[in-house]
Structure formats: structure tokens, C-alpha cells
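Asker: What TrEMBL shows for this protein is this:
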type	residues	note
REGION	1-23	region 'Disordered'
TRANSMEM	64-83	transmembrane segment
TRANSMEM	104-123	transmembrane segment
TRANSMEM	129-149	transmembrane segment
TRANSMEM	161-180	transmembrane segment
TRANSMEM	192-213	transmembrane segment
TRANSMEM	225-246	transmembrane segment
TRANSMEM	316-333	transmembrane segment
TRANSMEM	353-381	transmembrane segment
TRANSMEM	393-411	transmembrane segment
TRANSMEM	417-436	transmembrane segment
TRANSMEM	486-510	transmembrane segment
TRANSMEM	557-576	transmembrane segment
Amino acid sequence: MSQNYERRPHEETSNGISKRGDKVVEVEEKLENGVDSDMPDKLKMTKSLVIRKAELMAKQYDSWYLRSLFLLSAFICSFGYGLDSNIRDIYMTYAMNSYSTHSLISTVGVISQVISAVAQIFFAGMSDVFGRLSLFIASIVFYVLGTIIQSQAFDVKRYAAGTFFYNVGLVGVMLQVVLILSDNSSLKWRLFYTFVPAWPSIITTWVSGNVVAAANPEENWSWSIAMWAFIFPLSCLPLIGCMLHMRWRVRNDPEWKELQAEKSFYQSHGLLKTAVQLFWKLDVLGVLLLTASVGCICVPLTLAGGVSTSWQNPKIIAPLVLGFVLVPIFIVWESKFALVPMAPFKLLKDRGIWAPLWILFLVCFVYAMAAGYLYTILLVAVDETDLSATRIMNLYAFVTAVFAPFLGIIVARSTRLKPYIIFGGALYFVTMGHFYRYRSGKESDKGIIAAMVVWGICSGLFDYPINVSIQTVTSHENMASVTALGYTIFSIGGAVASAISGAIWTQLLYPKLLQLIGDSDLAQAAYDSPFDFIVENPWGTPLREAMVEAYRYVQKYEVLVALVFTVPMFLLSFFIRDPQLTANVAQSLEEGEYVQTKEDDPINDWFAAHFSTLRHEKD
């Protein structure tokens, strides 16, 4: 369905941000499927108002020192949630160990990824209605609430409840930071700005290990989580201050005063009618169907194995059946009944959108498969300390952060993304090959470190540019939607991978431990609480060697799945579009257009020319 409002004449400013007229004219067209567009169009008026205000605010920071201050504020905020995320994932491992439910790491991971997928859609839609700053503050509140619940949880169910609120907040904060950075950058410098949340890894990679080592996580993981309920909001204050300062500087601008005089849908119609509009705009029913389907399929896969398999248990079968039944229902709803689908067909049918979306799914899928249990592997099967294991886990982020500024400048000068993406996709094979070769033994640490270094380069060349690529082909009005859709697909990829990874782990590990150890009680102790077990059975003892062999066996299948799916991920990189990056904040599209299709694509042109020649020779 069409999501375009009638465009007014506009002029381009020196920095490429468009200056539009005074009013938004409601669309009078019918939707492609025959449904009246009156309901969603009213919120499009508000969306346009929010976007125009964001453009005017961005123009206030037009000097190098104000832009530097803005980037520093975003850096401090990213440092807060980045350091917290690094150590919280590790503390989750210790929390599961303390509950004697270590194998449920993948289950909690699935829940986290599903929540993240849903939250992306809601936050993107609502940020276009209520503004970036309002949603940023709301996300901080969810973040703090989830942190408090997690820190006080004394079983896995309560911890999972805290994880729900924490992930909603984390996803909201990360998305709003990305959108705020995107609103304040041109396409040419978009990748450089997008890398800002990665820069803190230069510090957190080394600091996080010391924090974990000093905190005695086996005993103090609860307090180590709780302290972020007040540390993280403090790290957000500089960015909030910059946003408020932008508003203060723009207050006397004539165009801003005109925008202030325009009323949003909420101001004109009140809370109840706005809630009804949001219900359709956010496609609440479609999101719930997607959530229920992915959750019902993925979660049981992580619960059916273990000390005893339970595939015949109705509690496992029923959710699986329900999940698969909901898939066609979701498709029918999105294609036939949803007034505002998660993504219009005109967007999804273009390779500039669907290729990056599939790649984002596979990027998170490959990561979750290869590294889902890597911290445990490092401690149990490679005999690393808490400090060294934490640093190794975060090493790829450090490499990306060091590499990022240089790549961002190079891309801004070359004004192309696709060549770097293809090269980064090829390097993924090197990374996965290292992970397959080095799975256990003291000598494996060097191989895993090398894999992490290459992975960091891959992330800089591949993962981040893919996120930017999807923004370079559409308008500013659709930027939040496609960005959130990309992160949603990314999270679903992680959820699917966590489910498959958990299924492999739970189905294969305990039988292998039992086979190698030969004692069911000892095998169960090694399976349920591996960190306690390795303290009692240090490196070199027969029981520890059996445990190492079992971990090596299971990790082989985890990495093999990741390696197989690296192939389509690399091939899809040839299908993305490669528009020239300009000084504009987004593409200026004609009426009715969703994606910029008129662009030079040297790599595609080269392949088309050569394959055309081959076909001609065969003929």
C-alpha cells in the first residue's frame, strides 16, 4: 500500500536537507488492495511533522565543534550500554549456572531475540509519531526496570521476565541512537556516524574483562547487574542535553515556529483516537502473530533435549504445532487485511531492500551459531580465565572499532559501499574456518583470537555497511521503518540460530558426556553446572579431558551450520544496490517511488556484461 503523502515544492539547502512548505496534504488515493487510506494517512501528517522538525534541529549543529560534541555524547551513551551488554551476557551465564540451568542460555537468548524483533517495529513507528527524544527517554525507563528485575531474580523464570523489559529498553535505546545519528548525517558520512556506537569497544574490550574478574561473578553477579540501573541513565544525559540544546537553538527559526503551530494527530484528536491509529499503524496484530509464531517454534527446540529428551511431551509438541500454524495466518493477514503492513510490497520486492534484509538475518544467524556458547567453550575446553575469555569474546568489536573510522572516511571519499561489502563477505569464510579448526585445547586460544580479529574486520566491511545500504535507497520518511525492519530481521535471525544452537547443544552434549564419563551423576553435574564442575576437576584430570572432548564434538556441529549459511550470505551481497552516496540525508524520490532504482552499479554491470558475453558465445 502507498505510504506517500502529497509532496510540496521544496528547495535543497547546502547540506542536502530539504526545506519543505507549511502544511501536509492528506493522501486521497485508495490503497492498492482497495482499503481506504484515511486512517494511516492521518498519522503520516504527524510523521512528516516529526521528520521536518528533526531536519531543522540537525541544521543547528552545523559547525565542527558542535558536531564533535554531538558525536562525543553519542559515544558516551554507547559506551554505557556497550560495556553493560558485554558483561551482562557473561553474568547471565553465571546466573544460569547458579540456577543449575546452564543449558537454558539458548532459551533465554531466543526470548531476548524475539523481544528485540518486536520492539524494533514498535519503537520505529512510535518515534515517527512522538519523536526520537521521547522514545529515547521511554527506552531508558524500560532498561532500568528490566535491570532491577534481573538483578533480584532468584530463578530462571524471573530472570527471563527481567530480560523482557531490559531488552525492550536496550533495543529502544540502540535504535533511537542510530536514528538520531542518521538524522544528523548525510548519506556520504552515514557509515562514519553509524560506526560511533562501535567506538566504545576500543575501551570496553579490555575494561570489561577486568570488571568481570574483579567482581567475582560466581558470587556477585546480582549486584554487578543492579548497578547499571543508575550508571546507564547517567551516561545518556549528554545526548539528551544535545537534543534539548538543538531545540533551544532552533526556537526562533521562522520555519520552526510554523511547524510548532501545526498540530499533530494526538494534539488534534486526543489519546483514545491516537491509540486506535497506532494500533493499525504499528500493525499490532501482525506483530503479535509474528512474535507468537517465532517464539512457539524456536523456544521448544531449546527445551526438548538435555538429561532426558522430551520430544513426545505435549508441552513441546503443542507450541511447535501452533507456531507452524500461525505462519500462514501471519502471511494472509499481512497480504490481505493489514492496513499498514510491516513493510509495503513495493519496498520488499526491490533487491535494494530484500537482499540486505536476508543478509542481516544471516549475519545474526551465523554469529549466534558460531559464538552462542563460545564463552563456555573458552572456559571449559580451552582453559581460559574469566578475564581472558571476556576479552577474547569482545575482541572482534575492538578490531571493528579501530578499523571503523578509517573505513568511514574512505567510504565518504569513494562514495560507494558495495565493493567493501563483497570483500567483507568473503572474509567470513576465513573466520568460520578458524572456528572450525580451533575448538578445544590450550593451543586453540591463538586460533580463536585470529578468528576474532578477522571477524572484526568482517564486521566493519560487511555488517555495518549492510545496515547503511538499506538506508541509501529510500527516502527520509521511510528511513526509520526500513532501519527497524532490518534490525527486526536481524533479531529473528538470532532467535532462529539460538533455537538451532540450543537444540544441537541439548540434544548432543549430555549423551556425549555420559558416553565419555561413564557416570550419569557426574555427567549431569558437568551438563547442568559446568563452571562448578571445572573447579572441582581442573585441567588435565580425566574427567576434565572427557568434558573437553564432549565440548569439541558438539561445537563442531554448531560451527558447521554457521559455515554452511555463510555461503548464501556472501552470494546475496552481489544483489544489493550500490547508489552513489551524496550529501543528502536520504534519497529524494519521485511521487509513488519507494526505492532509488536509477543508480550506477559497477559490480553488477561487470557481471551482467560478462555473463551476457558467455551466453552469446554459447548461442
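Every residue, even glycine, has its Cβ placed from backbone N, Cα and C.
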Asker: Cβ under 8 Å to the transmembrane segment (417-436), counting only same-chain residues 6 or more beyond its ends: which ones?
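Answerer: That would be 191, 366, 370, 407, 411, 447-448, 450-451, 454-455, 457-463, 465-466, 468-469, 472, 556, 559-560, 562-563, 566, 569-570, 573-574, 576-578, 581, 601, 603.
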Asker: For the transmembrane segment (192-213), I need the partner stretch with the highest count of C-beta pairs below 8 angstroms, choosing only from 64-83, 316-333, 393-411, 486-510, 557-576.
Answerer: 393-411
Asker: May I ask you to check whether the transmembrane segment (64-83) and the transmembrane segment (353-381) make contact, with contact taken as at least three Cβ pairs under 8 Å and only pairs 6 or more apart in sequence counted?
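Answerer: They do not touch: fewer than three Cβ pairs between the two stretches lie under 8 Å.
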Asker: Need a quick answer: max count of Cβ pairs under 8 Å to the transmembrane segment (486-510), which of 225-246, 316-333, 353-381, 393-411 is it?
Answerer: 353-381
Asker: Quick test of the contact rule: Cβ under 8 Å, at least six residues beyond the ends. What residues does that give for the transmembrane segment (353-381)?
Answerer: 89-90, 93, 102, 105-106, 109, 113, 343, 347, 388-390, 392-393, 428, 431-432, 435, 439-441, 444-445, 448, 462-463, 466-467, 469-470, 473-474, 482, 485-487, 489-494, 496-498, 500-502, 505, 530-531, 534, 547-548, 551-552, 555, 558-559, 561-562, 565-566, 568-569, 572-573, 575-576, 595
Asker: Under 8 Å between C-beta atoms and at least six residues away from its ends: which parts of the chain pack against the transmembrane segment (129-149)?
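Answerer: Residues 43, 46-47, 50, 53-54, 81, 123, 158, 161-173, 176-177, 179-180, 183, 225-226, 228-230, 232-233, 236, 239-240, 243-244, 264-266, 274, 278, 281.
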